[in-house]
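Notes follow once the structure below has been shown.
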Amino acid sequence: MKLLDGKLVSAKIKEDIKEESAAFLASTGRRPHLVAILVGNDGASETYVASKMRNCELVGFESTNIHYPADISEEALIDKIKELNADERVDGMIVQLPLPKHIDPDRVTEAIDYRKDVDGFHPINLGRMQRNLPCFIPATPYGILLMLEYYGINTTGMHAVVVGRSNIVGSPMSILLARNTNPGNCTVTLTHSRTKNIKEEILRADIIVAAIGKKHFITADMVKEGAIVIDVGINREISNETKSGYKLYGDVDFEQVAPRSSWITPVPGGVGLMTIVGLLKNTLEAAKKSVYN
Ligand code: NDP
């Protein structure tokens, strides 16, 4: 078993981003700028946004966090997005999900100018990704591809089983792994809560991507000997063992599964750190206008 070490890989890639960010500042007189909009007081969302902002600073980006109360109207939120779309000093913009129930996430996502959509959730970016055209790839799947690339893992010809079909992780991951490039070139099975005999499906996988949101859902008896295991899950449980007051668990039972796998990501210290890297890379590309002019 070898570890896909998000700490190591994210630190190395962030060094490169920092250099490029400094070069961008030297040539343009300004820093790449990411704006994050947070609505309401969800503890996990607040932690994720704070971490994104902290990482922007680390690599020399400018970052702005706009925090609205949970009762902001959909119209007011979309008006702000339009203002940011028109603001030349803003390169990338994200709206942290989930949103309160009275706000339609699809309307919000589509309000963002696709050229500033560094989360890669806009239908234009998703469509272009599916056709293998330049686009912003959703940060988590992008981070996973960067991790596989870093370790030189050739996925060509593998059978990939993605567990979970969300718009932000499972679905885009399945598209990316099926594309005609490496990492990719996989035969992909996309599974979800309605899949029959899910254990048998997962057992066929050479590479498993678990994005379910259920602690230790994937157990050793579901994993073929030698499989690559990518654990996206972040399940928070209150704990008095840690300073923060909670502990994170993956969707994979790491202790049990690790000895059967060829490569595996830990939680924490795996995909979560790579997601930030995906977002930073997209923001840099947005600033440099290397995807869209
Ligand atoms: P969603 O809740 O949007 O999607 C979960 C998916 O899992 C759904 O497609 C659902 O199926 C499927 N599912 C649920 N229960 C089962 C089951 N018993 N068997 C098979 N499939 C099941 O979650 P996300 O994709 O947003 O997130 C998944 C996990 O990844 C969460 O823990 C989240 O916190 C984490 N996450 C981590 C990130 C990171 O940076 N590491 C980034 C984003 C998310 P159905 O569609 O049928 O309901």
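Placement of Cβ uses the backbone N, Cα and C atoms for every residue, glycine included.
Summarising the environment of Ser166 (NADP(+) binding site), the number of other Cβ atoms within 10 Å of its Cβ, over all protein chains shown, is 17. According to DSSP, Ser166 (NADP(+) binding site) sits in a coil region rather than a helix or strand. Here TrEMBL flags Gly164, Arg165, Ser166, Ile234 as NADP(+) binding site.
When the domain 'Tetrahydrofolate dehydrogenase/cyclohydrolase catalytic' (4-119) is classified with DSSP, helix, strand and coil residues number 62 helix, 19 strand, 35 coil. Positions annotated as domain 'Tetrahydrofolate dehydrogenase/cyclohydrolase catalytic' by TrEMBL: 4-119.
TrEMBL lists 138-290 with the feature domain 'Tetrahydrofolate dehydrogenase/cyclohydrolase NAD(P)-binding'.
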**Asked** Other than its own, how many Cβ atoms are within 10 Å of the Cβ belonging to Ile234 (NADP(+) binding site)?
**Response** 21
**Fill in**
Cβ contacts within 10 Å for Gly164 (NADP(+) binding site), all chains included, total 24
**For Arg165 (NADP(+) binding site), nearby residues of its own chain (Cβ under 8 Å, 6 or more apart in sequence)** = Ser171, Ser174, Leu190, Thr191, His192
**Request:** State, in Å as a whole number, the widest CA to CA span among the NADP(+)-binding residues Gly164, Arg165, Ser166, Ile234 given in the record.
**Result:** 16
